[in-house]
Amino acid sequence: MAGIFITVEGPDGAGKTSVLRELLPLLESTIKMNVVATREPGGSRIAEEIRELILNPQNTEMDIRTEALLYAAARRQHLIERINPALAKDALVICDRFVDSSLAYQGAARGIGISEVAAINHFATDGVTPDLTLYLDVEASVGIERINRNKETRQFDRLDQEKLEFHEAVRAAYLTLVAENPARITLIDASGTIEEVVAACLDQIKRVFPTKF
Ligand SMILES: Nc1ncnc2c1ncn2[C@@H]1O[C@H](COP(=O)(O)OP(=O)(O)OP(=O)(O)O)[C@@H](O)[C@H]1O
Ligand SMILES: Cc1cn([C@H]2C[C@H](O)[C@@H](COP(=O)(O)O)O2)c(=O)[nH]c1=O
């Protein structure tokens, strides 16, 4: 496919949603491609319904493998309906979370195992892999503090309810993924202001795809 696939990853509260909100108009006004912004879990009607099911704080009895399969199912539907068609039309697709989230949250923090979760995701995606992943790095405690500080402006979901150790395991897993995939994943320090993080993301996209600007 001729498009470009970029994913944005990070622990809860790293600022992905806030950064993408500001990055999007900057990208649209500078890059010589159509830009499609989307998110996981969700991004299509069926996948958004699966999102509701996964993140509903009342679903406390959800088994961890059921959770992993639901994320993979939502991903499959979203990929087929939104990501692949946009890439086929040469668009830049920028997606808030993708397979790395499942590896960090379900594979590592839930303890299912990275290779097991990678296998179900390979089935779900046919091996589609981002061209570039921007990993927004903050201490887990900073992310949780941000979410707690702004509780009224953001829905508090089932995964936000996890203990700090869970979020620390997520961050540790992401740092391992960064170390293992240096050509694809770039670590962006997300402890600064939103403007600083947006600028670092845009710089990196320009550095990796200079001919597209
Ligand atoms: N760089 C920043 N400095 C201070 N506060 C921030 C920063 N980035 C985001 N925030 C605030 O932190 C909260 C969480 O941000 P946001 O929803 O963008 O994070 P996220 O990575 O998308 O989280 P999640 O993955 O849990 O949805 C928001 O209230 C946002 O205003
Ligand atoms: C894609 C994906 C997400 N999660 C988790 C991470 C968050 O806690 C929630 C929702 O994500 P959002 O950034 O708040 O929209 O779901 C996960 O555990 N596994 C995944 O594959």
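For all residues, glycine too, the Cβ spot is worked out from N, Cα and C.
Positions annotated as domain 'Thymidylate kinase-like' by TrEMBL: 8-199. Regional average pLDDT for the domain 'Thymidylate kinase-like' (8-199) in the model is 96.
Its Cβ placed at the centre, Lys16 (ATP binding site) has 24 other Cβ atoms within 10 Å. In the three-state DSSP scheme, Lys16 (ATP binding site) is classed as helix. Residues annotated as ATP binding site in TrEMBL: Gly10, Pro11, Asp12, Gly13, Ala14, Gly15, Lys16, Thr17.
Checked against ligand 2, the binding-site residues Pro11, Asp12, Gly13, Ala14, Gly15, Thr17 give Asp12 as the ones with a Cβ under 6 Å from it, listed in sequence order. Cβ neighbour count for Gly15 (ATP binding site): 24 (other Cβ atoms within 10 Å of its Cβ, all protein chains included).
Under 8 Å, Cβ to Cβ, and six or more positions away along its own chain, Gly13 (ATP binding site) finds Val138, Val142, Gly143, Ile144, Glu145, Arg146, Ile147. Gly10 (ATP binding site) falls outside any helix or strand according to DSSP and counts as coil.
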